[in-house]
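Accompanying notes for the structure given below.
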Amino acid sequence: MSKPEVENLFSLCDSESKGYLTMEDLRKVCPQLDDNDLRFIFTELDQDGSGKIEKLEFLRGFQDTVQHGESHGLNGMQRRASVAVEDPPMFLRDEQMFDSESDSTSSRPAIRVFDEEHYHSESDTNINIDFSVPCQEEVLVLYEQLQSSGVPALLRKFERVVGSFHKELSEKKHENERLQRIYASEREMYNRRMEEMESEVDQQLELTEMKARQEERDRLTKEKEEMRQRMSDEMSEMRNNIERLQKMEKALERENERLNHQKELSDKLKVVNEENNDLRQNLAENHLELAMIKSELAQVRCEFDQKQDELSARRDQASHATEESESVRKQLQLLFDANRKLHETNESLRDALDSRASVLRQFNLRTPSPGLLSSNRNSVENFQTSTNVFRSVPLHAISTEEQVPETSLILDDAHSLQGLDTPGDLMGLNDANGPAERTFRIVMCGDAAVGKSSFVMRVIRRQFTNQLPSTLGVDFHVKTVNVDGRNVALQLWDTAGQERFRSLCKSYFRRADGAILVYDVCAEQSFLRVRDWIETIKESTERSIPIILVGNKVDMRISTPGSVAKTDGASMAAAMGVLFMETSALDGSNIDNAMLALTRELMAVEDVEIRSTGVVLNPAVAKKGGCFSKCRGS
């Protein structure tokens with residue numbers, strides 16, 4: 001028996017398509033078999049004893065049973081008898097028909113005779129079998145295979161199953177025909193009933209439609225009448241309203257004309273009153289100006305008398321001025337000669353700096369200090385800067401020695417620097433007592449809200465200004481002070497601390513002579529950015545400029561936890577090579593000291609630059625008289 005045929009047999013038995021067979025499935029398929037036969041078949045096919053027959057178990061067990069019977073030359077009934085020996089029925093087990101010691105060959109004839117008799121007794125009852133089923137060919141093939149398999153019991157049971165199945169199919173066929181006849185009669189009756197209902201519904205719809213149309217006509221007619229009446233009432237009301245509005249408009253026009261006339265009169269009256277007040281005020285001012293003119297006229301008369309007295313004195317001074325102008329011309333000529341000599345000596349200085357030993361042997365000079373050597377080396381690079389300094393220094397303060405050799409004029413810096421800023425000459429920071437001899441450009445820089453503008457106001461006005469607006473761009477201030485007996489003009493450039501103005505600040509750093517870097521001792525973030533500010537200043541300037549680091553708002557240090565300590569600021573200044581001081585713009589502490597320290601540093605740097613180019617500043621104070629001093633002061 002082939003595998004597809006066995007699979008077809010399994011699918012016929014598995015009507016619910018579960019994939020396995022149970023005892024109940026076999027009982028439904030083979031209702032003619034008793035429980036012993038079903039148990040025998042189920043035990044044969046359930047090889048793993050799981051209580052259900054899988055598809056693979058069914059295929060393998062069925063084919064193995066058929067092949068085993070064919071290989072031993074036994075038919076189906078003989079194989080069943082051989083299996084029954086291993087597991088005999090209850091009535092055979094009770095009678096103990098076979099002896100366990102007997103030979104298997106002696107027992108086989110008895111079993112075969114018993115089964116053959118049982119086969120013939122059951123096959124006689126199923127002589128007439130009808131195989132007219134829907135799958136007749138498959139059933140016939142299966143029937144032939146069962147006949148050839150030599151299992152009469154299965155053949156008889158198969159015949160019974162096919163017979164019962166055919167009988168049930170016949171009954172179902174008759175039942176189906178009966179149901180079809182009933183369905184046809186019911187359908188015909190239903191169609192007649194539906195036709196009657198459709199006719200009734202059509203009649204009802206026609207009546208309802210006619211009634212609705214009539215009601216709609218009546219309603220529309222009534223609404224038209226109501227709308228016509230309402231429109232006539234509204235038209236009459238609108239005519240009345242128009243008449244009232246026209247009357248009110250005329251009344252308003254008359255009222256507006258009257259009000260406009262009154263307004264014109266009031267405006268004219270106001271203009272006249274204002275003109276009258278202006279005339280009175282002008283009259284009072286004229287009286288006041290007249291009195292002031294009279295007093296000024298008297299003062300002018302007094303001044304005229306004084307000027308006449310001074311004129312005679314100035315005539316005497318004119319001769320002195322002529323002599324002084326002649327001396328100035330001589331000094332200018334000397335300066336021109338000195339400048340020419342400086343140009344000539346700059347070339348020799350470059351060679352001298354490269355061969356320091358030869359210069360020292362030539363002039364028998366002692367070894368200069370590192371600071372002086374660096375200043376002399378920078379003098380060559382900053383010659384153009386030094387020539388500009390000549391213009392800012394008063395002419396009477398510049399002296400040249402005609403009898404001194406050129407080399408002694410240039411290399412006299414060591415001796416002149418020894419006398420610079422001696423303790424006896426330091427006089428502090430005071431108000432200026434004359435015109436400025438020097439001018440320094442100082443840039444105020446630092447983060448926003450650290451007190452730069454308050455610092456500047458304390459320097460300029462000597463007072464603290466509260467609630468200053470934020471600086472936008474740059475604010476310029478000028479303060480002339482007297483430092484150690486010299487009048488110095490300090491140009492303070494107050495720059496904005498916001499990040500967006502940083503590029504603008506860099507352009508002012510390039511032209512600055514010094515810088516005041518301010519941080520807030522109560523704001524650690526502003527202190528942390530000090531290093532960046534110093535690097536920005538050094539990158540923006542072409543030469544090294546004096547810088548002072550100022551820690552502002554020390555008056556708030558006690559009330560603010562986590563403020564920057566003074567030692568931290570001093571350490572930062574020492575590491576960056578700048579000056580350091582803590583101040584308070586509120587009470588003015590150390591403001592003047594900070595400005596004094598920076599100004600002295602600026603003056604010292606400028607003195608070194610000037611001396612390195614061969615020009616010596618004369619500390620003598622200018623004479624009070626003279627045309628040149630007056631022109632310089634103006």
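A Cβ is built for glycine as well, from the same backbone N, Cα and C atoms used for every other residue.
Per Swiss-Prot, these features apply:
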| type | residues | note |
| --- | --- | --- |
| DOMAIN | 5-33 | domain 'EF-hand 1' |
| DOMAIN | 33-68 | domain 'EF-hand 2' |
| BINDING | D46, D48, S50, K52, E57 | Ca(2+) binding site |
| COILED | 169-310 | coiled coil |
| REGION | 212-234 | region 'Disordered' |
| BINDING | A449, V450, G451, K452, S453, S454, N552, K553, V554, D555, A585, L586 | GTP binding site |
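Where Swiss-Prot records a feature, it is marked here on the structure.
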{"residue": "D46", "record": "Ca(2+) binding site", "contacts (Cβ under 8 Å, 6+ apart)": "K52, I53, E57, G61"}
{"residue": "D48", "record": "Ca(2+) binding site", "contacts (Cβ under 8 Å, 6+ apart)": "E57"}
{"residue": "S50", "record": "Ca(2+) binding site", "contacts (Cβ under 8 Å, 6+ apart)": "none"}
{"residue": "A449", "record": "GTP binding site", "contacts (Cβ under 8 Å, 6+ apart)": "S470, G497, D520, A523"}
{"residue": "G451", "record": "GTP binding site", "contacts (Cβ under 8 Å, 6+ apart)": "V518, D520, N552, K553, A585"}
{"residue": "S453", "record": "GTP binding site", "contacts (Cβ under 8 Å, 6+ apart)": "T465, L468, T471, D475, D494"}
{"residue": "V554", "record": "GTP binding site", "contacts (Cβ under 8 Å, 6+ apart)": "V521, E582, T583, S584, S589"}
Near the domain 'EF-hand 1' (5-33) in space but 6 or more residues beyond its ends, with Cβ under 8 Å, are 39, 41-42, 45, 51-55, 58-59, 62-63, 138, 141-142, 145, 157, 160-161, 164
Around the Ca(2+) site formed by D46, D48, S50, K52, E57, list the extra residues of the same chain whose Cβ is within 8 Å of the site's Cβ centroid.
Y20, L45, Q47, G49, G51, I53, E54
Around the Cβ of N552 (GTP binding site), other Cβ atoms within 10 Å, all chains included, total 28
For each of K52, A585, count the other CB atoms within 10 A of its CB; which of these binding-site residues has the top count?
A585
Residue counts (helix, strand, coil, in that order) that DSSP gives for the domain 'EF-hand 2' (33-68)
25 helix, 2 strand, 9 coil
Which number gives the other C-beta atoms within 10 angstroms of the C-beta of E57 (Ca(2+) binding site), all protein chains shown included?
18
For the coiled coil (169-310), provide the mean pLDDT of the predicted model.
86
Pairwise Cα distance maximum in Å, GTP-binding residues per record: A449, V450, G451, K452, S453, S454, N552, K553, V554, D555, A585, L586:
17
